[in-house]
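S.K.: According to Swiss-Prot, the protein carries these features:
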BINDING   Q87, G105, E106, G107, K108, T109, D512  ATP binding site
COMPBIAS  855-865  compositional bias 'Polar residues'
REGION    855-898  region 'Disordered'
BINDING   C880, C882, C891, H892  Zn(2+) binding site
COMPBIAS  886-898  compositional bias 'Basic residues'
Amino acid sequence: MLRTIVTKIFGSRNDRILRRLNKQVRIINKLEAEFELLTDEELKSKTTEFRTRLKNGEKLENLIPEAFATVREASKRILGMRPFDVQLIGGMVLNNRCIAEMRTGEGKTLTATLPCYLNALTGKGVHVVTVNDYLARRDAETNRPLFEFLGMTVGINVPGLSPEEKRAAYAADITYATNSELGFDYLRDNLAHSAQDRFQKHLHYALVDEVDSILIDEARTPLIISGPAEDSSELYMAMDKLIPILIQQDKEDTEEYQGDGDFTLDLKNKQAHLTERGQEKIEQWLMEKGFINENESLYSPARISLLHHIYAALRAHKLFERDVDYIVKNGEIVIVDEHTGRTMAGRRWSDGLHQAIEAKEGVQIQGENQTVASITYQNYFRLYEKLAGMTGTADTEAFEFQQIYGLETIVIPTNKPMIRDDRTDIMFENEKYKFDAIIEDIKDCVARNQPVLVGTISIEKSELLSNALNKAGIKHNVLNAKFHAQEAEIIANAGYPSAVTIATNMAGRGTDIVLGGNWKAEVAKLDDPTEEQIEEIKAAWQIRHDTVKQAGGLHIIGTERHESRRIDNQLRGRSGRQGDPGSSRFYLSLDDALMRIYLTEGKLNFMRKMFTEKGEGMESKMLAKVIAQAQAKVEAHNFDGRKNLLEFDDVANDQRHAIYEQRNALLDNEDIADTIQVIRQDVFNHVIDEYVPPHSLEEQWDIPALETRLKQDFALDLPLSKWLEEDNTFNEDVLRERVLTVAISEYKRKEELVGQETMRNFEKGVMLQTLDELWKEHLSAMDHLRRGIHLRGYAQKDPKQEYKKESFQMFTDMLDTLKLSVITTLSRVQIRTQDEVEKAEQARQKIAERENAAMQYQNNEGTSSLHEKSEHKIGRNESCPCGSGKKYKHCHGSKAKY
């Protein structure tokens, strides 16, 4: 109450920031008349002038008025569009490391040109991030003429580019890219084996379009580069046959309640849990099928893999639905993004879930993969020096943006007042009554020439509604993951009078629905249109536009509330753009997922009693409050999940950062001999410590074991026992010094044989290969640790602290293993002289001749006997002619046929 009173008097923080930025807008507006008088060449030269001033020490912020005035004037001349004052404010907000909430149709694409140009002046690169490659290409091509006029280069980074094209994209002043491609390029750069194979420059400034979709909705989706793992497709098919015999029970067993089912479902977290009865039933089934022995437990360490497959199959059957969570296309399982309704080609669920769904649907089961490199969007975008974002719906997630990314959300006012009529939600007893009411609403709109956009939350629901509309004889278009290819055309026609469009989670996000239809799309269909044709199309559009405006603009129908208010607002935001009329209404039922999952049975029963007549709808303030509470619960739950993920991933992120930093230093450094020398000294001291404890008595030394270890691991045959007997001054320090001296001497001998350059390259190659292999194994071990760490809570231990402690120990162990493996490999490598190589080649040729003769013998005995007489056969125990010193049977003779 007090806070509201104070805000009314002094204004909110958002209001105060807008007032401050308006002062800058007035300065920019004063410059407009001056910049209009500049010639094109004078306007272009401003870029060089600004860059020179920056090099001379002027701050970037001081250039804002002139730089923005330059972009505004260039935009007027090149694009035929003048950025509004609110767009100038949006540009300044984006430059200030903030998120700009700009309503649909307010020109976010044009707004982005202002901070992009300003930050590109630094020469450090600007990345404009979009949710898909269509938007990346569209925005880049739209703004390219403007930036190139001002002397800036523009690049597009999307999947499928060649290395040269990708390198050129990153070299540009401003690069338009998809979020996933940027993340994967970062991972690929940190798997590169030469500095020239890396693409990304310094991560300076990222401007993220649809920032809520990328940094909130996809925050829990890790980007993973993986390699093949052990195949277990038969096991997935076997476990798939188990699921039909299992019975679900509504809630978990407690002291007061004992159900009769085999498993329970956690719909909020999409997890399944076995009951004791379920475990016993499964164990019996596994014994009958021969998967486990009698009296063997499902939870024994040797059978954990079986349990993993069972849970994957259970989740696949009971928690993931076809045409809701995924579709089957060309014999493959394709994930459907729950937030956008788009298919996510190439993406696969982890933890065996994807394979379990493939088994469920009877398609080919693709092999499991092992993680080679991974990062979340949360941690990737926090690598940028400067991060900003824009969207039409950010204010509801402002707290999370601030907490996780340190980004403040500023709501930008609309250029024209918004006049959309957002009507009260209507609740129905069940889905049938709800759909009946929706059909009636659509009929009314169609009769009045009003276009309708109907939003559904899944492909399944969109097809149910489509069938109902077909029965009612209403023409309509369906936009979901199955009809993704027709998206642009469907959206272009969605604003026509009486047009009815069904969209899954507003999959057409990023494209405006124009009242009366998109006349530019009509022109684009014509080959070389004349001015007369264009004018005819525009005139026809104007009539349709006026008709739709008179009918009330675009009408939005939501078929149920989403878990997040933000997704609902995105749907509503398709209507009422740039001061256009419009309306919206959500139709709900007690069968909706939000109601079933997040409202108690008591509340649902109470609400059912409020319906006195069949098919009646109910709207009230209490209903709005109940829905708001349910959505708040979900948002809080999802935020906790993302925050929890980040806290765990931050541990891995610190380790990832340390490894990648060292790896890049390796790539950039031509000579790592000094590093190898430091590691060698550390490794030998550590090995000697195992057999000769520091400051210990001679009786405690295990010299024979140390001799064996040095010979096996480092190819050093040293007479340590003899040194100890013959030298009275031989002590621990002398031992360490002599061993290291001999090791270095032997290594230098090898280096002299091959040359310094070859040895330096070999050292780097061994270091990189060993590091990559151990890091891959470490990621797998961390993943296993993370999956089971929550069980520590039962022992009254904090799982997060335990994870931090154990993962740190695993990391230090990995580094110790890295050092030992590198020095062991370098010490044991055998160097051959040119003479030895030539002898080996001669021996190889002789062996090949004998093998050919043996093959001829099988076809023609006579010629074979002549050959055998003319050539001496090398005995298996004779020295190999290659000069290696080994017996023939242990060298090239191992490949010969006898």
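Residue 1 is the first one shown; counting continues down the chain.
From the backbone N, Cα and C atoms, a Cβ is placed for every residue, glycine too.
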S.K.: Excluding Q87, G105, E106, G107, K108, T109, D512 themselves, which residues in that chain have a Cβ inside 8 Å of the centre of the Cβ atoms defining the ATP site?
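M.R.: Here the nearby residues are M102, T104, L110, T111.
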S.K.: Just name the most isolated of the binding-site residues G105, G107, going by other Cβ atoms within 10 Å of its Cβ.
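M.R.: G107, out of the binding-site residues G105, G107, has the fewest neighbouring Cβ atoms within 10 Å.
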S.K.: Measure between the Cα atoms of every pair in Q87, G105, E106, G107, K108, T109, D512, the residues the record assigns to ATP, and report the largest value in Å, rounded to a whole number.
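M.R.: With Q87, G105, E106, G107, K108, T109, D512 as the binding residues for ATP, the largest Cα distance is 17 Å.
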S.K.: Comparing the binding-site residues E106, D512, which residue's C-beta has the most other C-beta atoms within 10 angstroms in this structure?
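M.R.: Checking each of E106, D512, the winner is E106.
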S.K.: Does DSSP give E106 (ATP binding site) helix, strand or coil?
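M.R.: For E106 (ATP binding site) - judged by DSSP and reduced to three states - the answer is coil.
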S.K.: List, in sequence order, the same-chain residues at least six positions removed whose CB sits under 8 Å from that of Q87 (ATP binding site)?
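M.R.: Listed in sequence order: E106, G107, L110, T111, L114, N415.
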S.K.: Please give me the CB contact count at 10 A for K108 (ATP binding site), counting all chains in the structure.
M.R.: 22
S.K.: Would you mind checking how many other C-beta atoms are within 10 angstroms of the C-beta on T109 (ATP binding site)?
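M.R.: Counting Cβ neighbours of T109 (ATP binding site) within 10 Å gives 17.
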S.K.: So, in DSSP terms, is D512 (ATP binding site) helix, strand, or coil?
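M.R.: SS state of D512 (ATP binding site) = coil.
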